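According to Swiss-Prot, the features are:
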type	residues	note
COMPBIAS	138-152	compositional bias 'Low complexity'
COMPBIAS	260-270	compositional bias 'Low complexity'
CARBOHYD	Asn57	N-linked glycosylation site
CARBOHYD	Asn274	N-linked glycosylation site
MOD_RES	Ser11	phosphoserine
MOD_RES	Ser98	phosphoserine
MOD_RES	Ser201	phosphoserine
MOD_RES	Ser248	phosphoserine
MOD_RES	Ser278	phosphoserine
REGION	120-156	region 'Disordered'
REGION	200-232	region 'Disordered'
REGION	250-270	region 'Disordered'
TRANSMEM	28-48	transmembrane segment
TRANSMEM	60-80	transmembrane segment
Amino acid sequence: MMQGDVSPNPSLIDRTIKMRKETETRKVVLAWGLLNVSMAGMIYTEMTGKLISTYYNVTYWPLWYIELALASLFSLNALFDFWRYFKYTVAPTSLVVSPGQQALLGLKQAVVQTTPPRDLAATQISPSPPSPSIQGQSVLSYSPSRSPSTSPKFATSCMTGYSPQLQGLSSGGLGSYSPGVTYSPVSGYNKLASFSLSPSSPYPTTVGPVESSGLRARYRSPPTVYNSPTDKEDYMTDLRTLDTFLRSEEEKQHRVKLGSPDSTSPSTSPTFWNYSRSVGDYAQTLKKFQYQLACRSQAPCANKDEADLISKQAAEEVWARVTMNRQLLDHMDSWTAKFRNWISETILVPLVQEIESVSTQMRRMGCPELQIGEASVTSLKQAALVRAPLIPTLNAIVQYLDLTPNQEYLFERIKELSQGGCMSSFRWNRGGDFKGRKWDTDLPTDSAIIMHVFCTYLDSRLPPHPKYPDGKTFTSQHFVQTPNKPDVTNENVFCIYQSAVNPPHYELIYQRHVYNLPKGRNNMFHTLLMFLYIIKTKESGMLGRVNLGLSGVNILWIFGE
């Protein structure tokens, strides 16, 4: 096997592009050089005349050093630009092309050297011993207008499975190759094929090498000696045709690469000849990429999407009764996130901190049995009455804990919900695990806990009312829980109604209208958001005598401007 390691010369197109870039750069660097010389001259004139220092009455020596640095910089830039201009003018990149290539590439006569036209006639050259200078040269290097010195070389790695014996190269003509190219049989190929010339035709139609399954020659013409110009239609006369041809060839090479199981095989390598294959040639490849049905999407996913769409449409219908601005509904997710964050930062986190502070004070006072989360609500209420002067915040904390007899679970769940900043552990229809056992209906849901602490917080912000001596002003007026029912016929009723406990579901009653938002994980938050939105838009931000805006509770900021 021949060893060939000859690196190809830069392509003609690359050198053409380089030459064009040099031509364009030569104009630009000349302009920049003149500009830099002008700037340096102006600064030098100012240095000798001291115009700026005299006009502005400033110290001359610091200014002189600054001007010297700028003049030096512009001078160096000018020298560099003139050096580049001189380089591109005196020693430009030159090309040796034929007149046809010059017209095709759009080159000027002054920058190229053209080869003289030749009178060509198709001749057949007798075989000669292999020339060492072209060992490893493939038939792909043939071109009617390419000299042997500029023909690309192909290493033997590109011809795996073949042993080409090139029979000679004519020294008398340009690009004239010997037709005596034979191939020796290798595994998988049981037929010797050789090129033969047809002296009567400039385009021989003899079968090329290796006419076997999986390898069909696109260009069946063997390399011949041309001594007459080819037809006009065989030349590309403009850049557009050249670009179209190159693009089509690149696409074909890309398709062959994708369809070839082994790029190193001579019958499947993306080279010059393996195009125009038949369907049978791709049989092995098509077996690897058999048509397969895609997996069906699961029905629950489709049902879930459909349910979400129906839920969204139902929510839009309910909100349309409150506001005509449908664009506000696009901000519902943002409002919900802000509201959850407000509950966490304003209620839950301070509540947990105060509970831990009170528990610490209880231990210091010698009352470890009154630890919050361990003692009953009744015991804590009695302690709040007895020790009110010592622990004034205990009575307010007890109001938040008056939800379930299981104080340990309630305190631990409030701590879990306060973590993460946005109640990430919130479960709308259940709660958390408690002491290794799953949540059950004997424990309050997270929705019930959040609703309770929200109502209790607003109880603490509203002024006392003589009608509600227990201090639950907001809860008594604006929250109704089943089995109790609100008086829908009363126009003054404005409340949140919990119509179901497990799973929890909330409705809004306002001016004899029932606003029933869709069931699900956001039902409680969206109901509370509608409650607050009505207060902002229809009640001027006032809940009774308390402002829920910036000067009061400061909760309406979640809706933006």
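One-based numbering along the chain as shown.
Note that Cβ sites are derived from N, Cα and C of the backbone, with glycine treated the same way.
Overlay of Swiss-Prot annotations on the structure.
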residue	record	Cβ neighbours (10 Å)
Ser11	phosphoserine	10
Asn57	N-linked glycosylation site	7
Ser98	phosphoserine	19
Ser248	phosphoserine	10
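In the three-state DSSP classification, Ser98 (phosphoserine) falls within coil. Closest in space to Ser98 (phosphoserine), of the recorded positions given as Ser11, Asn57, Ser248, is Ser11, taking the CA atom of each residue. Each residue contributes its Cα atom, and for Ser11 (phosphoserine) and Ser248 (phosphoserine) these two points are 19 Å apart.
DSSP classifies Ser248 (phosphoserine) as helix under the three-state reduction. A separation of roughly 71 Å, to the nearest angstrom, links the Cα atoms of Ser248 (phosphoserine) and Asn57 (N-linked glycosylation site).
Under DSSP, Asn57 (N-linked glycosylation site) is assigned to coil, being neither helix nor strand in the three-state scheme.
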